[in-house]
Amino acid sequence: MLLARRRRQPRKSGSLVQSLGTQIACSPSPVSVSCSNSTPCIIRQFKPHPPRKFTMEDKMNTTPSHDELGSGITRGLTNGSTAVTIPPELFEKLYLSPQNTVKGNLRRTFGNPTPLGICGFIIALGPLACSLMQWRGASSPGFSGIPQYCFFGGVLMLLGGILEFFLGNKFPAVVFSSFSAFWLTFAGTLLPQFNAFAAYAPADATSAADGLQAPAFNSGFGFYTLSMTILCFVYLTCSIRTNIAFVLIFVTLVLACGLITGAYWALAGGYAENATFALKLLQASGACLFVTTACGWWIFLALMLASVDFPFSLPVGDLSTRIPGAQRTRDAEA
């Protein structure tokens, strides 16, 4: 007896799609579905990759450099590398110089040397300002500060100037290097080994320090401080395109160097007769230098907060965007 075979009815497409949808929806892993008219649908399930654990090397490679610190920095990918754009006001705050274009990538390779130079400046200048004002019995010209004049003012500022030079920051490089030379010269003048004032001591003098009272020494040293006054005035003119705090530093430096010049020339005109007047001039110069030191501390704190990406920042009064440069003016006129 022949058994009639029952033909299997094809499943409707709607039920097939519904079945596949149920399998895909319930699958915990990503799946792919490939179907055709001649072959049944094939469902491929992919095994998910485990989450990648970041190593210490990855964290070190993703640590932002000093150029990326602060607000307002934009990042973009160009040919697989990260491009960092620093706003002009942030660049000026970090480097105390208007933004300029240099070749190479040294600014992202090395740290910001500006706080180094500022640190050497304020540590050397602060005690000198207090000595000129004769606080707590201190006296000018500050022989007790010779070591900090040499190492903080001389070595540290010279190092900062050299590093600024390699980064292409011309203005702070010249400022730091020239003040490094000033501190080393000032310390050398006070050291007896350099014979700067001992050479002016009278033949019958009992101490080499008697040369400090010689008119020739005071007159000659006054010309040196006068040269520093002119130099600080040049820096003051250039600093108008940096920030208000930096401008105040050079304003007070011009006043202080001018007062010190007047004090030494007054002593050259008569040490005993003009000693009281010269002392008042030196005290006034110490007050100006104290304001200079306070502005330096403000800039130093602002730079250090930016170096560690602190939640807030100190304003320094940016002027680089307020006073356009010559190149920007020429581009606007073109």
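Note that the numbers count up from 1, one per residue, in the order the chain is shown.
Glycine is treated like the rest: Cβ placed from N, Cα and C.
TrEMBL labels come from automatic prediction, so no person has curated them.
Among the features that TrEMBL reports, transmembrane segment is placed at 116-134 (among others).
Positions annotated as transmembrane segment by TrEMBL: 146-167 (among others).
What TrEMBL lists as transmembrane segment is 179-201 (among others). Long-range Cβ contacts of the transmembrane segment (179-201) within its own chain (Cβ-Cβ under 8 Å, at least 6 residues beyond either end) map to 120-121, 124, 141-143, 146, 149-150, 152-158, 161, 207-212, 214, 216-217, 221, 224, 228.
Long-range contacts of the transmembrane segment (221-238) within the same chain, counting only residues at least 6 positions beyond its ends with a Cβ under 8 Å from a Cβ of the stretch, are 171, 175, 178, 182, 185, 189, 247, 250-251, 253-254, 257-258, 260-261, 264-265, 268. Annotation source TrEMBL lists transmembrane segment at 221-238 (among others).
What TrEMBL lists as transmembrane segment is 245-267 (among others).
For 282-305 (among others), the entry in TrEMBL reads transmembrane segment.
Sequence-distant contacts of the transmembrane segment (116-134) (same chain, at least 6 residues past either end, Cβ-Cβ under 8 Å): 140-142, 144-145, 148-149, 152-157, 159-161, 163-164, 172, 175-176, 179-180, 183, 282-283, 285-287, 289-290, 292-293, 296-297, 299-300, 303.
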